[in-house]
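Chemist: Have a look at the structure that comes next, please.
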Amino acid sequence: MVDTIYHSLSLTHSNLQFLYITLYFGGTIRKNMELYIFLEKMRVKRFFKKLLKEEHPPFEKAATEDDLLKKKQIDSSLADTMELFKKIYYVPNNSDVNIRYIEIGGIKKNAAVITISSISNTKLIEELVIRPLLINEDESKEIELLLSPQVRKADVIEDILVEINNGNTTLFVDGEPYAYIISSGNFQGRSVEKAENEVVVKGPKESFNEQAMTNISLIRKRIRDEKLIVESTTISKRAKNELYLVYIKDIANEELITNIKNKLNSLDIDSIQNLSVLEEYLEDHIYSLFPTILYTERPDRASEFIEDGFIVLLMDNSPDSLILPATFWSFFHNSEDHYLRFLFGNFIRILRLMALFITLFISAIYIAITNYHVEMIPADLLLAISSTREIVPFPSLVEILMLEIAFELIREGGLRVPKPIGPTIGIVGALILGQAAVQANLVSPLVVIIVALGGLSSFAIGDTNLNYTVRLLRFPFLISAGVFGLFGLTALFTICLLYVTSIKSFGVPYLAPMTPNDSTAKDTIFRRLVKNELFRPGYLKPKDIEKKAGE
Amino acid sequence: MDNTKGKIGIREFLAIILITIGTKVTDNTPTSLFDKVGSAAWITVILMGLFSFIPIYLLTKLIIAYEDQNLIDIIFRLLGKYIGFFVIFLLWTTETYSIVINSATYADIIETMYFVKTPLFFTYIVLIGVAAYGAKKGLEFIGSAAWVSLIGLNIALFVVLILSILQGRFNYVYPILGNGIPEIMKESAMNASILGEFLYLGFIVTSLRSTNVYKKGIWIGFIYVTTVYMLALISYIMLFDYVSIVNLNYPFHETIRFIQLGFLTNVESLFLPFWLVASFLRFSFYLYISALLFGALFKIKQFNYLVPSIAILIVFLGLIPEAPVFTLINLRENFAYLTTPIFLFLPLILWITAKLKGELKK
């Protein structure tokens, strides 16, 4: 409701004032509290925006004349059409757009073929399109029959442009008010390679690459089901980026699919280059520290989710897939959990949980204990700590913060460093920096151990998003522990807990199926035996809840 | 797509019961019992359970009879607009007053036992601030957070219980009857409101998935809480004996100071976080109920907006008692005596009215 009012009023100031007055004297304040607060916020925001507004010359908008032209249908005159396309493609200057004029043999008609050579298969065009037309001698044959590949027809300029931009070949024939389209797209990309970010020891190693068709093929290879639907929609206005929704028709929840489609249709953007960018448009909690869409580069993982009733998004130029909705557990889990034997899989789950807690809390607990709860440490250890801390001139909070930030810097630096120099960073960062900092009495050895342990543990959390969440959350915990000891730490932890339970990803509670519980999927901290995983997650409301076929 | 619709299931409900009522064993509630009946305090708990059984049973009956209605609706329906308003107002006052006393006690525990140098004001603000955040979020999330943390909290509690029983002396349980049977009977009747918070659970029935959840949750919770309470009192008495326990204001915290865990001689900070999580959630729930009742009294639909104001009110009221160690325990004792009749007789009155109106037969 708020949104509609906000838009319909287009927020002119007098209108706002009017609305306030009606709200005030209408006596409906309580009912409209939400709206009122919203408007009040907007007013404050506008005030500050105005205060700091920069003057700038009016921005230019792209020519609308061009847009109108594109809606038209093409002419039957070949010369006119070619003139038009030359103008649109800016031809002599646009070097890889090829226009080739031919005369079709037999029928004796002039024709032209437009292709963009860098993204189409030129050999195929030559052999299967141009050559049959040239060598034809039969006068009565129709053009469609002359060409061996399948041919589509299009007559609106806009549609034809889309086809050409996709690398397809368009054939214009004089006297015919439509174009023939032959698929010949051939975009360059890499082949299917090993997964680099989500490494497993046991199990498939393939990963998605930048071509959506390859990715779909990788999924179809795993799910040979006629109900596996790959729906495509164009999500951006100018770059015309295609998005593929992959789901199983008789499993995935209809409401969820419509919900996502509505969200995609409401996008009004020139270009969305890849899924990583799209992620931000789709998420409900953009400012939240916790991710709500899973991002994976493993086709096996994506297929597993599809089979459970989740929806997977694929796109060209993205060597990965988005899986939604996502719960905390989908970030916490790893495909290897199920590939390893039951006990081993659960062992790495425990390790991961430990790593999560160690990363989050170890430095904070160190601060809390050494500053507020000294009595907790056994006397010998206490003496050892204090003797090493004696020569360090900083409070322990500063000490830890310094080292934590240094560690993050080494990490970020190590990530961006060109490969040949990589090992140097490791040596300089880990060995020299740590060793020298201790020797220079800047930090105590125990702190190095604590920070290193926390840092190493953070690597055990495989998911990129969750990894960042945990790494960032460490700092508030550190500070709360520095301010209020274990009390502050626990207070913040409780707030986090309450917050996490209240997050929803496309209507699915973040900690489901742990809480709220629906007794279907039980895969949370520990995995069950595969034969006992009888149900699909109930929080998705799948159309078919049982995993067993038939019976 | 949201298929929970803000309703909570049996697990969350049970977790709320265990955390809100179970945490009582860790504050100064047991102290007054030890004070009056000596080593027989744990017997009082059993008797209290028996005394409370009837009102809880009647309440459950009522709530099952009026499906889709919570206790507030039932009270208004059975007692009419004016008496109903009065009763709810009374319940709201006692509830809010109990938050004030309890939160002041908890802030005092944190201050005297752990953060001696920190001003009470700041501990109190943080305590109520976190609770208010939870209460503002809503019951669903308090329940979920309670369930997530329940396992950890229970493990911690049982470690404490087992350690203190192992390190205590069994002889200290004697004399079993403490200060005598009449004293036990009197105290258990008068302190029955220690389990009186089961009454408040009736207010959230409409947020549960079904009345069946309520029935199951209440009974499991009731048995569990009483058992844990009893075990805790036994473990305190085994550790400290009845003479010295009277002088301890916060037996649980003295216990975790006293016990040892292997090479760790001071483990109180190890158990502190668990206790704190439970306390935060406990006050979240109480604040939520307080706001709910206030909202019901004055017809405020979005009652979660009331939480911050109530929270601030509570902080300022809770800061009033000087020398909280002595004041609060007296206040609490009197409060327990005062609210016991409400807890024992309100369900009975409601049930009789319902019976007279002939609405229970459906």
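Note: Cβ is positioned from N, Cα and C throughout, glycine not excepted.
Sharing the features that TrEMBL gives for it:
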- B:40-59: transmembrane segment (TRANSMEM)
- B:71-92: transmembrane segment (TRANSMEM)
- B:112-133: transmembrane segment (TRANSMEM)
- B:145-168: transmembrane segment (TRANSMEM)
- B:218-239: transmembrane segment (TRANSMEM)
- B:274-298: transmembrane segment (TRANSMEM)
- B:305-329: transmembrane segment (TRANSMEM)
- B:335-354: transmembrane segment (TRANSMEM)
Chemist: Check for me, if you would, whether the transmembrane segment (B:305-329) reaches the transmembrane segment (B:112-133) - at least 3 Cβ pairs under 8 Å, residues 6 or more apart in sequence.
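Modeler: Yes, since the transmembrane segment (B:305-329) and the transmembrane segment (B:112-133) share at least 3 Cβ pairs closer than 8 Å, they count as touching.
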Chemist: Are there residues at least 6 beyond the ends of the transmembrane segment (B:145-168) whose Cβ is under 8 Å from a Cβ of it, and what are they?
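Modeler: Here the qualifying positions are 11-12, 14-16, 18-19, 22, 134, 228, 231-232, 234-239, 252, 255-256, 258-261, 271, 274-275, 277-278, 281, 285.
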Chemist: Can you name the far-off residues of the same chain, 6+ from the ends of the transmembrane segment (B:218-239), with a Cβ under 8 Å from a Cβ of it?
Modeler: 13-14, 17-18, 21-22, 24-26, 30, 33-34, 39, 41-42, 45-46, 48-49, 52-53, 56, 60, 157, 160-161, 164-165, 167-170, 172-173, 195, 198, 201, 245, 251-252, 255, 258-259
Chemist: Looking at B:112-133, B:274-298, B:335-354, which one has the highest count of Cβ pairs under 8 angstroms to the transmembrane segment (B:71-92)?
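Modeler: Answer, by Cβ pair count: B:274-298.
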